[in-house]
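**Q** One structure is given below, represented as structure tokens, and several questions about it will come after.
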């Protein structure tokens, strides 16, 4: 069986290949899940991490916080060099930021807010954790690519990312922030963990930590703003595209249809693959060529249902004559676009195309495998796209209703499918085993204009048939084939023969010429029938081969169905076992929830206790520093006191040394004797002063009694004068008046004398003290033979009054003092009293008497003067002259001698 080879076609270059050729100097990022990191990569990361931790332990400054600052400086330098004023910040490319004054001000404000309102420990923890995680994700291709790898990638690549992320967070939280004592065991000499770290590393850590948090926050905010604007732009483009499709549909419906088939309502650009639609229709082949082309064509038929273009992505949907069968595209008439073959092939399943021997099997397998691989790689990015698309759908559902263009498109597609489906065919892997579908597939490989002409010819033949069996059979075959080139030519010739025979039968003319012509026409018809028979034989053989092939495919499909049933049964068994395990797991989960509640209660109590313990541990260093400052201040005070004590000790030692020298140079016995003498003298003076005070009190008491007595006597005298009367009373009254005046004068003298007495005497009597520092003085003058000159003694005047009254006179002041001293010290030699004081023994040991009649109580007594006169010197003067530096005698040995 001869088959015509396909004419050579120029090889078309795919648009993707052209785009790849244009990307000469563009840097391209590696695809997700492309390579597995080598162990050397992890060794480098671990070495870098250990180096940074060691530097932090030695200096107290975290050098990893300088990395965001370095990124910002590098981005600024690149933006200045590129001078791209329309550069947009994205999460995937943060170095492409548009550095302006506003951007720098916003970044500085964000850093300042983080520095002021976040605690230092939390700030350093967040900054360090973010830097290490960001650095690791940066080496893995970016934050989004790492998340996509974790979600949709292989376990060999996702597990290291999860493990390293958890390790960084746990290490920063539980070892570097909360448990310095653990690191002290490894670094005992580090000042950072001992609690005495300097101030400047902590300040720098807080500063760069604030920048490490504030700068990424601004980048993410700007990126989200960019993505939101991009989403709004895409949404607007979608609305405009739907509106254009609606208008284009109205325009197409208003124009006359040039072919039978579904109408394309979708607007699309004129691309390289769309040039097919601008070419003129292909001419009909010769009958033999059509048969050979049909023999080379698989028994499938398809029609283009529509091309839907949205946002630059062109997708094609094809339907088969049975029920939306897939397009094969190997016909010789080139009735489908060039790229429809690959686009239709990419939808099939690889396992369902094992028995297909077409020319595009290998290309289909390549494209399908590459499509599956691309879908596997783009799993993580598709999640993000799905999130954005779901958000866009939600916004469109809330704010806008569905457009009528989409409803009209869906309804039109449903109508097209209903018009072109056949109830006899069954869809199995895009192929059918019926002869009708085969002939229809051959008919569908021709242009629409040829099909319309053939259909019209077949309708004319059916109308002009006269009931002959072979004519009806030929017309039925022509109507059943619909676009075969051989049948079309035979239909035209046979219609002309029928017309001529009908004319001859109608006119009843039996002409030899007409019969000869009819004979020739019958011969030509016989030859055409023979050629048609050969065509049918070829078709029968072709259908037999197709039947064998389809039977093989059916057996293969049955085997696959059996395998799928076995697999389904195994899956059902696994499902039952999974249900049983799930029930057990739920029971265990309920038990674990109860245990979890108990453990959480105990854990909360332990956490509180640990927090208290850790807070105390954290405050130990501060308490130690505070205690150290207090001890230093106390040490300074004690040093000052010690210095003063040393000075006083040196002074006392010098004095002690002087006293020892004085003790060695002088006699102690003579000093003790002089000290005893001074003590005795002071004791005597105290006793004499006490006696004088008592005497003065008794004297003032007697004075008061005497005044009362005088007043009573004056009253009696006045009464007596009133009784006696004249002369006698006058003389006596004068006498009494003179006596009274003298008595009053004496009383006044006594009062002035008492006013000049010592303050101790006034205070003893309860009178005010006029002069606090006046020396004690007593007036001892007496008119009646007193040995002292000056003022009159009150004792003498009182005695004279009492003598006149006939009573005994009170003792004299000096007599009382002398009696008191005599009682205490013993008999003392007395002087003889003058006349008027007979029988009264007096004692006066005071020699230094003032000229006005006053004497001092603490003067040297006469006995002491007499004792000193014997030796020829005054002992008090000798004592004052011989007194040394510290009150001791200067020359005790000479004194004793």
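Glycine residues also receive a Cβ, built from the backbone N, Cα and C atoms like all the rest.
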**Q** Which one of these stretches, 76-96, 181-201, 244-264, 265-285, shows up in Swiss-Prot as transmembrane segment?
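**A** The listed stretch tagged transmembrane segment in Swiss-Prot is 181-201.
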**Q** Mind checking which residues of the chain, 6+ beyond the ends of the transmembrane segment (113-133), have their Cβ under 8 Å from one of its Cβ atoms?
**A** 49, 62, 64-65, 67-68, 165, 168-169, 172-173, 176-177, 202, 205-210, 212-214, 216
**Q** Take every residue in the coiled coil (503-726), average their pLDDT values, and give the whole-number result.
**A** 88
**Q** What are the DSSP helix/strand/coil residue counts across the compositional bias 'Basic and acidic residues' (510-535)?
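**A** Each residue of the compositional bias 'Basic and acidic residues' (510-535) counted once, the result is 24 helix, 0 strand, 2 coil.
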**Q** Any residues 6+ beyond the ends of the transmembrane segment (204-224) with a Cβ under 8 Å from its own?
**A** 60-62, 65-69, 71-72, 88-91, 94, 97, 103, 106-107, 110-115, 118, 120, 123-124, 126-128, 130-131, 134
